[in-house]
Amino acid sequence: MFGLRHIDRDKHALEITCKNWKASGEDAEMLIPEINTKWLPVADEHGKWSGWVSLREIFQLINHKLAGMAIMPDAERLISEWVQLTEKPLKLNLPELEYQHLCAGQVFDGVLTHSHSMIKLWTGELNLWVERVATCRYDSFAIINRSQLSWPVNFIIGVSKTTVGLINQIRLKDILLITSRKAYVSIYNRDICELTYPEELMMYDSYENDKDIETNDYGDDVEINSIDNLPVKVEFVLESKVFTLREVEALCESKIISVTPENEKNIEIRINGVTAGHGELVEIDNKLGVIINSWLSGSKNVE
């Protein structure tokens, strides 16, 4: 590696959370709890956050009159039970520290020397040392403007299915037949929505229901016994544009696509989602096809 700075996910979440709490007026700071005392581990019921509280502070919280009294082993057990049985034993008003049921573990006596820095948070009743917080909420953050998002949109006007063997035989000026007359929008090789097929192309027949076609349309029952028989999907792209989110939504609502003379002469041919060449949309024997004008940057073979 190049000596990249390592970031501890839990520590990073604590630092961001502490910064947000301080900005909102909370009494919070990142510290290592170097206090030799008895600690009670606490956490919410879903494990979204966890921390420690001084048993002495909880003892005082239960009954102010008991302040200064020694905490006996039985008292430790009773305090732990009280925390778990009480509906809301700690008043935690921060959204990151939401809980319905507070869980408590075994009391630890000593200094939490194994720990890293924690958030020391004054809750108004006692100090809660937050060791882990899974959710960082931000009071103010930049919201991305959806109108600023854009995508490369491809208008597909037909599909043919063939095999590697037949693709390898393609040469310049060959005509690829559009065997399935289907119009749809594609973004990053994923079909987004279907479009109404252009009226100017509806006069031509489709091979969609024909069985004996040159492209050898493949199906689930076709046995693949060699590399040449591997299926290939050929898409014919009428046009590619960059659309905003609003334009994509409007397109999928209207489902309208138009064909211009410029589009007809520059059809993009894609093989399994990758550009393989360009050609001109033509009619042959009342069928739609594309005559190849450029193919694989001049190469005659598909790799």
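Glycine is treated like the rest: Cβ placed from N, Cα and C.
Fair warning: this is a prediction, and the values are worked out from it, not measured in the lab.
As recorded in TrEMBL, the features of this protein are as follows:
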| type | residues | note |
| --- | --- | --- |
| DOMAIN | 4-134 | domain 'SpaO N-terminal' |
| DOMAIN | 147-205 | domain 'SpaO FliM/N C-terminal related' |
| DOMAIN | 226-296 | domain 'Flagellar motor switch protein FliN-like C-terminal' |
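Per DSSP, the secondary structure of the domain 'SpaO FliM/N C-terminal related' (147-205) breaks down as 9 helix, 28 strand, 22 coil. Helix first, then strand, then coil: DSSP counts for the domain 'Flagellar motor switch protein FliN-like C-terminal' (226-296) stand at 18 helix, 39 strand, 14 coil.
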